[in-house]
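S.K.: Attaching a single structure in structure tokens format; questions to follow.
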Amino acid sequence: MNCKYFGICGACIVYDGGYETQLSQKVELNKELFAPFYMGKISVFESPRSNYRSRSEFKIWHEGDEKINYAMNRADKGGVILIDECPQVSSAIFALMPKLLRAIKRHKIDFKLFGVDFLSSNSGEIVVSLLYHRALDSTFKEIAEIISDELDIYIIGRSRGQKVVIKQDYVTEILHVDGVEFKFNYIENSFTQPNAKVNEQMIGWALRELPNMDADLLELYCGAGNFTIPFASKYRKILATEISKSSINAAKSNMSLNKVKNISFVRMGVEEFVEALDGVRIFNRMKEIDIDSYEIKTIFVDPPRSGMDEATCRFASRYENIIYISCNPQTLLRDLELLTKTHNVIDMALFDQFPYTHHAEMGAKLVKK
């Protein structure tokens, strides 16, 4: 990736030597990090070299009343750097960025605009969120509708306590995994995987690691069903939990979008779910689910950066197989200290979700000793 802001913009930290060098550094670092638990080959899944980010956030910097610019934090933490392009972002976002600023300025809706967020799909759909330090009135809505038509985008106007939606607040992403197509509605301001090509590879790896057996699957931290829905063809039934109400609603919508019928999504934290599973407490949210009908031998987890707590690790250890996707190698390392008391790590993978940074996503498969 060629970027004229390398070394100045804080979005990319590791840029000397190009893509292969930064990836090699990540691989070697994580081989050493996980050596106490796994000495086998770590499968490595590369990112596209540029235009890989399907969502991005930029500050807006005003130069008097004449001009507005995109801005990012400087790598040296000395304020911001003004930018006119970012080769990280998807081709659709890249092409839109200058057109959007010109339209905002031409239609005079830049007053107290402080940020712009982009969300795109592989097909080129884009939701643009315009963030303001002022109330948004009917005039804003009228102008935003004009810009939406001009640029063929969806627009969200956001201010404190306000969300003005022009047309719709989501894009429909199509993922291709091992020759199968999956559709997902990605909603603005909710978590989605930022690197679509690496996401497809993560799902594919996890599918191949899931054991083939006539049984059911339990998933914790299921989000909007990014993994759950592709997994559905491999199991009789899937029970998937997530604490976020909006994510559960999105997961149910995505299940319908893909015509999948063998998943039960439940809005519950892990602690509550364990109490329900063990019959300690009865929850109305579980009243339509016959827990005793599930034969679960495999658990899939994709926790937040904080990883799993000790109680969740103990719970996961009940099951014969554990597939763990981690967005923080340090917390995965901590959790493996507990999980390997009962399980062996038999396979690992590294996914380069965020090129030119120190960040890596990891996958681990564990089986009971």
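Glycine is no exception: its Cβ is also placed from the backbone N, Cα and C atoms.
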S.K.: Per Swiss-Prot, what member of D137, D292, D302 joins Q193, Y221, N226, E242 in binding S-adenosyl-L-methionine at one site?
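M.R.: Looking through D137, D292, D302, the residue Swiss-Prot assigns to the S-adenosyl-L-methionine site is D302.
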S.K.: Taking only the Cα atoms, work out how far E361 (active site, proton acceptor) lies from Q193 (S-adenosyl-L-methionine binding site), in Å, as a whole number.
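M.R.: It is 11 Å, counting Cα to Cα.
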S.K.: Taking the Cα atoms as reference points, how far is C327 (active site, nucleophile) from Y221 (S-adenosyl-L-methionine binding site) in Å?
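M.R.: Between the alpha carbons of C327 (active site, nucleophile) and Y221 (S-adenosyl-L-methionine binding site) there are 13 Å.
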S.K.: So which other residues, same chain and not among Q193, Y221, N226, E242, D302, have a Cβ within 8 Å of the centroid of the Cβ atoms at the S-adenosyl-L-methionine site?
M.R.: F191, C222, G223, A224, G225, F227, T228, S247, I325
S.K.: Taking the Cβ of Y221 (S-adenosyl-L-methionine binding site) as the reference point, list residues of the same chain whose Cβ is under 8 angstroms away and which are at least six residues distant in sequence.
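M.R.: T241, E242, V301, D302, P303, P304 - these are the non-local Cβ neighbours of Y221 (S-adenosyl-L-methionine binding site), listed in sequence order.
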S.K.: So, three-state DSSP: helix, strand or coil for E242 (S-adenosyl-L-methionine binding site)?
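M.R.: E242 (S-adenosyl-L-methionine binding site) sits in a strand per DSSP.
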